[in-house]
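Worksheet: one structure, shown below.
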Amino acid sequence: MKAKFKVLIPEPKSKFIRIKCPNCGNEQTVFSHATFPVRCLSCGTQLVYPRGGKAKIVGETVRILG
């Protein structure tokens with residue numbers, strides 16, 4: 001008998017990221033490949049700038065989810 005090959009399942013490169021606002025310290029979850037600018041819910045500072053592919057994150061990354 002021949003050994004079966006392991007079936008590879010592709011995984012997405014994008015993730016959800018928990019970031020902290022540099023001005024007020026508020027934490028919120030954003031998408032790593034965001035297509036729209038994301039603002040802080042407390043102070044309104046822009047935290048994520050869309051860049052065509054992966055978004056530019058201004059705040060401090062606290063945790064990567066998933």
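Any Cβ shown, glycine's included, is placed from N, Cα and C.
Database features (Swiss-Prot):
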- C21, C24, C40, C43: Zn(2+) binding site (BINDING)
- 21-43: zinc finger (ZN_FING)
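Residues within less than 8 Å, Cβ to Cβ, of C43 (Zn(2+) binding site) and separated from it by at least 6 positions along the same chain comprise C21, N23, C24, N26.
In the predicted model, residues of the zinc finger (21-43) average a pLDDT of 94. Long-range Cβ contacts of C40 (Zn(2+) binding site) within its own chain (separation 6+, distance under 8 Å): C21, N23, C24, N26, Q28, Q46, L47, G59. In the three-state DSSP scheme, C21 (Zn(2+) binding site) is classed as coil. For the Zn(2+) site, the Cβ centre of C21, C24, C40, C43 serves as reference, and the other residues of the chain with Cβ at most 8 Å from it are P22, N23, G25, N26, L41, S42, G44, T45, L47.
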